[in-house]
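Colleague: Take a look at what TrEMBL says about it:
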BINDING   HIS119, ASP142, HIS144, ASP146, ASP250, ASP252  Mn(2+) binding site
Amino acid sequence: MASRGPLSRLLRSTLSSCQQSRSHSVAILGAPFSKGQKRRGVEHGPKAIRDAGLVERLSNLDYPVHDFGDLTFKHLEKDEHFMRVPFPRTVGRANQLLSGAVSGAVGAGHTCIMLGGDHSLAIGSVEGHAQQCPDLCLIWVDAHADINTPLTSPSGNLHGQSVAFLLKDLQNKMPEVPGFSWIKPFLSARDLVYIGLRDVDPGEHIILKTLGIQYFSMRDIDRMGIQRVMEVTLDHLLARKQRPIHLSFDIDAFDPSLAPATGTPVNGGLTYREGIYVTEEIHNTGLLSVMDVVEVNPTLGATPEAVEATSSLAVDVIASALGQTREGAHVAFPKIPEPKEDTELRI
């Protein structure tokens, strides 16, 4: 069953404490936003993913699905650069709005699916989740680490700095970026794991090594295999205690042959089977609370088929994270049906 409703209703929802075991209902939030980077078109990602059949696919999993539509973001006419960072106040305001929406969805008992938009949106998504679940852990599936600070970023783009805003360990390394006074770092480096890295900037590399952050590059995945990578990931995050998982999934984690319609593709990415295995294993924990799917950019597909392939892949990843299996979703037939006594053979 799918329903649509205004975001205002969600934002007015009574907030409750975070549940360790998520309820079987899904809230979809669209975040059509592109100012965390310089390529236009990624703001059309939420529509492309919906058009690829997201709501119908999730409804087939027997979840109550609540599509709350898209947030409306205001772009400030006057928003000067901060150092090399473009649109800092616009990005900050957008993330503050998203934070409230995600917090409302989680507080209402839903598993929240946030459709981006660029990856700067994870700042608000993870922060809003943490309002309800302060003990959350974060799995970041991406070709890029997105952990630059304004002092290390080669481009200045905020979609490459998202994690730096979240980490307590970097608090004294981050300047005060205009538009972000509302957020205080809350996540420890030990509560974060990266999967799929293969394009890490020099400043990011020293941050990863200095803070001792657990990460798996594509070389690690080749060497260890995706099964072992997920075993180590979940043991690292959940061995001390079971806690909510925030999965932030950039579609460019996949190889560009599978996801061509994205802004920063990098060769040598996840195969379809590896990416789906990641989400299957996260689902199997029963602890997925919020999932971001970002950086689908339909304007960058060379053909309609490329756009459809990328958007459909996003739907597959979301459905897998919510219980669709490659063995089939076992909800319609809890047991083998038996014929009734009055059943007649009809020719």
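Every residue, even glycine, has its Cβ placed from backbone N, Cα and C.
Could you give the neighbours, burial and distances for every feature on this list?
Modeller: Packing around ASP250 (Mn(2+) binding site) is summarised by its Cβ count: 28 other Cβ atoms lie within 10 angstroms of its Cβ, all protein chains included.
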Colleague: Which residues does ASP252 (Mn(2+) binding site) neighbour through Cβ under 8 Å, counting only same-chain ones at least six apart?
Modeller: ASP142, ALA143, HIS144, ALA259, THR262, GLY263, THR264, PRO265, VAL266, GLY269, GLU295
Colleague: Going along the chain, which residues six or more apart from ASP146 (Mn(2+) binding site) have their CB under 8 A from its CB?
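Modeller: The list for ASP146 (Mn(2+) binding site) reads HIS119, ALA122, TRP140, HIS159, GLY160, GLN161, SER162, VAL163, ASP250, given in order along the sequence.
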Colleague: Using a 10 Å cut-off, grab the number of neighbouring Cβ atoms around the Cβ of ASP142 (Mn(2+) binding site), all chains included.
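Modeller: So the Cβ neighbour count for ASP142 (Mn(2+) binding site) comes to 27.
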Colleague: If you draw a 10 Å sphere around the Cβ of HIS144 (Mn(2+) binding site), how many other Cβ atoms fall inside it, taking every protein chain shown into account?
Modeller: 25
